[in-house]
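**Student:** Quick one: the structure is below, questions incoming.
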Amino acid sequence: MMGFSTSVVRFLAIYKGENNKSMMKGTLILALVFPLMASLAIGSLIFATSNWAAVNLFQKPELGFVFKGFACALPFYTLMLICAACARGFKQVKRYNSLINLLQPVIELLGVAGLFIIGYRLGGTIFGFGFSSAIAAGVGLYWMVQMFRSMELHRVPAQYEVGKQLAFSLSTLMIGVVHMLIIQTDRLMLGALSTAHNVGIFVVASLISQNARFILQSTNSIFPPIIADLYHKGDTQRLVSTYKSVTWLITALTVPLIFVFCFMSSEIMSLFGSEYASANRVLIILSLFQFVNVAVGSAGFLLVMTGNQKLEAINSWVVAFLNVVLNYIFIPKYGAIGAAFATGLSTGIINLLRVLEIYRFYGYHPYKFSHTKIIASSAIALVFFIAMKSIFSLGYLQNIIVAILSIVVYFYTLYRLGIDEEEKSLFLATKEKLTFKR
């Protein structure tokens, strides 16, 4: 995508707020042309060198077919992502989610499952991915044409800011590349400095803990274009109010997930085998640091959408370097626990840095007084859980029941302390944007 998935969200939101149809049209064309050209070039290169790479690099000639299949699917998958990003830029979140999280995955799953049943395993997987990407791309392109017509963009000449948008896109591309490196660093270093068993434990715990970001990721599909629009209009008061309320909502809804991952860590890890149950501390550490990530809200997106993408790129490089150093220090002595602590600490530091940068440049932070209600409700639920474990000898099933009751206590306490009307309205608005009406 060359970073255009973020660029198109920012610039479409700005130009739509100005009702600048010529710039909207130019932005859409740029977002289509550059990533598609890149995907066609990369796909052609992979296709042309697939047999050579399969034989000389991987020593498995049968992989040539796999490379060719994915090379053919790449342009369609890229087109789907472009269309989804454009829908997000126009604040059409339901269309964005339907392409990314519903249409393409469901068609791929059904296609792969059906072909697997009749005996096409690897070939079925490749065809399922390519076919689902092509269908989703076609639907996305149809929606794009609809948007063009409904906004009458075909009646106006296109205007372009190629240099400005390309520079922004390349900066966000670097951020994405560094984030991918960060995700893989801990696993690679754990494999080099520790045992394969520790790698397995860490990967499982890491994948589970990432679900703590579910609410944050859902909100991030809505909030970035709103940031870009409000900041460009100079509506700072509304931007700050929305940022604080969004952060409150994300934090309040994520606390129960953290309770589940921490209170039921042994039970969750044991689902993957009895040898994983003792690694519950890895899941607890990763979950707590994921909560730190959630508790700052959309801080990274706020920096990017307000034109500080270069600063966010520097932040990403800092956390990547810090992650390597901390993993090198902690993994040899503490194994998977050390990797969890190193990764969590580096991520926590960079999120704290983002909050400080936002306060330094704009003079506001993501917190409000009603955050104390979340703290109080969490503390009461935690005391309840600890008291129940101290009084009773809890088995597997009993521990699950007490964990669920703790979540009930949390929500009840939060409700009794009172939820502001702004948070209620935001919750209903978010629910409306993310769900489909019958």
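Cβ atoms are placed via backbone N, Cα and C, with glycine included.
Quick paste of what TrEMBL says about this protein:
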type     : residues : note
TRANSMEM : 28-53    : transmembrane segment
TRANSMEM : 65-87    : transmembrane segment
TRANSMEM : 99-120   : transmembrane segment
TRANSMEM : 126-145  : transmembrane segment
TRANSMEM : 166-183  : transmembrane segment
TRANSMEM : 189-208  : transmembrane segment
TRANSMEM : 246-270  : transmembrane segment
TRANSMEM : 282-304  : transmembrane segment
TRANSMEM : 311-330  : transmembrane segment
TRANSMEM : 336-353  : transmembrane segment
TRANSMEM : 374-392  : transmembrane segment
TRANSMEM : 398-415  : transmembrane segment
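Could you tell me the structural context for the features on the list?
**Tutor:** When Cβ-Cβ distances below 8 Å are used as the criterion, the transmembrane segment (28-53) is approached by residues 1-2, 4, 7-8, 12, 61, 63-65, 67-68, 70-72, 74-75, 77-79, 81-82, 85-86, 144, 148, 153, 158, 160, 162, 165-166, 169 of the same chain, each at least six residues removed from its ends.
Counting residues 6+ beyond its ends, the transmembrane segment (166-183) has Cβ neighbours under 8 Å at 1-7, 10-11, 30, 34, 304, 309-310, 312-313, 316-317, 319-320, 323, 346 in the same chain.
Sequence-remote contacts of a segment are chain residues at least 6 beyond its ends whose Cβ falls under 8 Å from one of its Cβ atoms, and for the transmembrane segment (189-208) they are 261, 268-269, 272, 275-276, 279, 282-283, 286, 324, 327-328, 331-332, 335-336, 339-340, 343.
Same-chain neighbours of the transmembrane segment (311-330): 171-172, 174-175, 178-179, 181-182, 185-186, 189-190, 193, 300, 303-304, 337-339, 341-343, 345-347, 349-350, 353-354, 357, counting only residues six or more beyond its ends whose CB sits under 8 Å from a CB of the stretch.
Counting same-chain residues at least six beyond the ends of the transmembrane segment (336-353), those with a Cβ under 8 angstroms from any Cβ of the stretch are 182, 186-187, 189-190, 194, 198-199, 201-202, 205-206, 279, 281-282, 285-286, 288-290, 292-293, 295-296, 299, 315-316, 318-319, 322-323, 326-327, 329-330.
Residues 252, 255-256, 259-260, 263-264, 267, 373-374, 376-378, 380-382, 384-385, 388-389, 392 of the same chain lie 6 or more positions beyond the ends of the transmembrane segment (398-415) yet place their CB under 8 Å from a CB of it.
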**Student:** Using a Cβ cut-off of under 8 Å, list the residues of the same chain at least 6 residues beyond the transmembrane segment (374-392) that approach it.
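**Tutor:** Apart from its flanks, the transmembrane segment (374-392) reaches 248, 251-252, 255, 259, 263, 398-399, 402-403, 405-407, 409-411, 413-414, 417.
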**Student:** State the non-local partners of the transmembrane segment (246-270) in its own chain: residues 6+ outside its ends, Cβ under 8 Å from one of its Cβ atoms.
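**Tutor:** 204-205, 208-209, 211-216, 219, 223, 276-277, 279-281, 283-284, 287-288, 290-291, 294-298, 366-368, 370-371, 374, 377-378, 381, 385, 396, 399-400, 402-403, 406-407, 410-411, 414, 423, 426-427, 430.
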